[in-house]
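Below is one structure, written out as structure tokens; the observations come after it.
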Amino acid sequence: MAKLYFYYAAMNAGKSTVLLQSSYNYRERGMQTLLFTPAIDTRFQYGTICSRIGLSEQAYAFNNSDNLYVLTQEFQLQTQKYSCVLIDEAQFLTREQVYQLTEITDQMSIPVLAYGLRTDFRGELFPGSQFLLAWADELIELKTICHCGRKAIMNMRIDENGQAVIEGEQVLIGGNESYVATCRLHYKRGEAGKTFPRNKLFNKDTNTF
């Protein structure tokens, strides 16, 4: 029986990386996958899911008015049966679109894997995450860490000076320059800690073996 899965985490936990790996695992075995990404996410090339470690894959960029159930039916008529549907940045789904994902699972018997944030920078649920938490068959937490080494569960919005921002619109598209994942304690204190440039993370000179 197909299920709806919600993989949730704080920022920079590798959600898109896990999504792309899952899609690759299906395709490696000759199975078709359908990937969706929200058109509102303008961090990368339009209609592309990109991970922080450099993996990328084309996806259908959807808007809030799109019916994901109908789109999946239409796309499947053009290709062989999909073995899995994968959703990136699922926190941006509407209530209706989360219901449509349950229809893909229940009526079309296709597993749906949705990946997204649980809460915004104020510690409040996104609409998409709220209904995924309520309706998904399986909830899986992807873990990342705070600068102190504890598990990070909060998403802190920061300004250009690295200071915590506590007011503003719920949606502000950004990456490491706008958000940092922290534990609850450092979220309360407004302490973002320090992040490192990507080239420092992959510097071969830092490896001693």
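Just so it is clear, glycine is given a Cβ too, placed from its N, Cα and C backbone atoms.
For Glu89, the entry in Swiss-Prot reads active site, proton acceptor, with the evidence type sequence analysis. Residue environment of Glu89 (active site, proton acceptor) contains 23 other Cβ atoms, counted within 10 Å of its Cβ in all protein chains.
Residues or ranges marked as ATP binding site by Swiss-Prot on the basis of sequence analysis: Ala9, Ala10, Met11, Asn12, Ala13, Gly14, Lys15, Ser16, Asp88, Glu89, Ala90, Gln91. For Ala13 (ATP binding site), the Cβ neighbour count at a 10 Å cut-off comes to 20, with all displayed protein chains included.
Cys148 (Zn(2+) binding site) carries neither a helix nor a strand DSSP state and counts as coil. Per Swiss-Prot, the feature Zn(2+) binding site maps to Cys146, Cys148, Cys183, His186.
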Among Lys15, His186, which are binding-site residues, the residue with the most C-beta atoms within 10 angstroms of its C-beta: Lys15
Distant-in-sequence Cβ neighbours of Cys183 (Zn(2+) binding site), under 8 Å, six or more positions away: Cys146, Cys148, Arg150, Lys151, Ala152, Ile153, Met154
Among Ala9, Met11, Ala90, Cys146, Cys148 [binding-site residues], residue with fewest other Cβ within 10 Å: Cys148
